[in-house]
Every structure is written in C-alpha cells, then in structure tokens.
Amino acid sequence: MPTYTDEGVVLRTIKLGEADRIVTIMTKSHGKIRAVAKGARRTKSRFGGRLEPFARNKFLIHEGRGELQHINQADTIHAYGGEIIADYDAYVCANVIAESLDKFLDSTQSYSGFSSHYASSTQEYSAQGVYVQGTYAQTDSSQSVLPKNGMYGNSFTDDLTAYYNLLVAALGSLARKEHSAQMIESSFLLRMLAMAGWAPRLDNCVVCGRQTDLRFFSTQSGGMMCSTDRVLDAREISKESRIQMYALLHGRWDLLRNNDHSDISPHDGGEQEGNCADPDDSRTFTNPSVTTRDVASIRRDVASNQANNHSSATFSGLTEETGLNPDVPEIVEEWSQYYIERPIRSFQLVKSVI
C-alpha cells in the first residue's frame, strides 16, 4: 500500500480499543482524513502529545484498504494546543473552528465542485443574494478576483490548501492572542463559507440592490435587506454591526480598532497580506481583498442612515477593546449552521463563556 507525507492539523480524536486512537486530520494537500494511531494512548507512546487537538504536524501516512488510514509517524511543526488551552476563551473558540470545518467538509459531497466558485473572474448572485461565482470579495472589473497570495486557487489541490491555510492562520492568531478569540472565530466562519460561495451580501439589498436604508439582515435571504423588502425572519441590525461583519469577512482588522473611520480607504491604514510561505505567519489571517467600491458603498449607506437618524451608533465605537456587538456572533452562528446544515455543538460552550 502507498505511503505519503503531508502536514496537517488534528481536528479531533476518539478512542479505539484499549490503546489506539482514530484521529481526524485536516491536511494541506489531501483534505480531511481519518487515520488510526496504533498505541497512541499508551503511557510511553511514540506519538507523545503530537496527536492532541490543534497540533500541527508533519505526518507519514500509510493508506489502508478501508476508509481508515494509518499514522506511521508524526513530527511537530507547532503545538498550538498548549497555548490555546491556557486561555479558556481561545480553547472554546478553537473547538468551534475545528468542529465547524470538520462538519462543513462532511456536508460537502465533492471538493472539486468548489473551484467553480472562485475560478471565474466575474461575480453573480443567486435570487437570494448569495454568491454563486467568484469569491466573496467584490472587485472592480480591472482587478483580479484572486488575492495576491493565491489563497483561492482554481484546482482541486489548491482548494484544499486554502481551507488548511485558513485553519492554521486562525489557530496561530488564537495562540498569539492577536485579536479577541470571538473575533477570530467569527472571521474564520464567515471566510470559510465565503470561500465555498456562501458569503453574506452586506453592501446591497439582496432583493432590490439598494445601497441605502440597509437596516435588516436575513440569513435565509442571503444578507442585508432594506425596510421595503424585509422579510419576516429578518432582524434589525445597526450599521455598526454591519461594518463589523464586513470587517470580519474581509479581514479588515483596522476597521475594528480604528477610532476614526471618516477617511476609510482599502489602501490606507489597512493591514496588507504578503506572499507568506508559512500560513502561520501573522499576516495570513488578514485578507484585505477590498476595493474602493466596497468601502464607498458602506460609507454612502452610513451617511444616509445618519441623515435619517436610523441609528445613533458611530464608527468611533468600532474598537477591538470594546469587542463585537452582541448580535454579530449570533448572526455568524446562525449563518454558519444554516449553510453547513448541521448543528455545531461547540457553540454551546461559547454561550457558557458569555
């Protein structure tokens, strides 16, 4: 039977027999796999703590005849678990991230179908306002849909690597406490689903395309709605919450911590993402694929809402220290479970922390 080497992150483990473990791993080049680690639960196991959740390792895998593969060797690249477990909030959010990715990949019948969502250079919306082609980042016609680092590739292997890189970057940010755990979790979930084509529409009404009076959000409809076209399940949200969702979706951490947003520009004051060889680089979890049109549309709506006194919230409230508005994580949770089509049990841990 063939043997291959790949790096991966441990998502979860379950006991097998008296001394073995079945390990679920998100690998860089082979997607999600399930493999048996013989003797992993013994006191003097050769694997040590390298098969604990959130550990990033280089694996030597032997492909078996059945569904389960076999782990022959595991060498540590980074043990995120120790740093994450030391902070309960980070631990809870890491569980949400791992479980969501695990179930998301389970619910997706074919990886290869993902490539059609971001191989095209055009964007289209379904009737519900959800992207069905291209990536979630709206771009001017003169700009490429693909980010500079090639995160959203157009081949089978690139697709799997994109999810792996996003996972590693999120866990690395949690371990280093670069942002609040809740922000990292919410950003990961929005961007994971956006990579597959399920991005909320935030700058236009999903029904009429209107860019003003965007006061309601509907998960089932695909995003923001104006007061004229709102449906029964739509919830009213402030413009501050909408800006926070936009920032999380696009990796615009500068929008979450700057006090002055009067002169927002995608090339002014934002964190820039380089061509990082290692997805664990702190820049990788920032994805400023934002254009002047994106920001301008939000600013127009903000100005309109202020003129009409729809909300007293201002940009000045968007600081990382104050955290996310309470409705933002709720919307992200609802959005994630609706499009993954499976309940995420780890969300209950998040609620216990809050």
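Here the Cβ of each residue, glycine as well, is placed from N, Cα and C on the backbone.
Note that the structure is a prediction, hence the values are computed from the model and not measured.
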Checklist entry - For which of the residue intervals 104-125, 302-323 does TrEMBL record region 'Disordered'? => result 302-323
Item to check | Across the domain 'DNA replication/recombination mediator RecO N-terminal' (1-80), average pLDDT on the 0 to 100 scale | outcome: 86
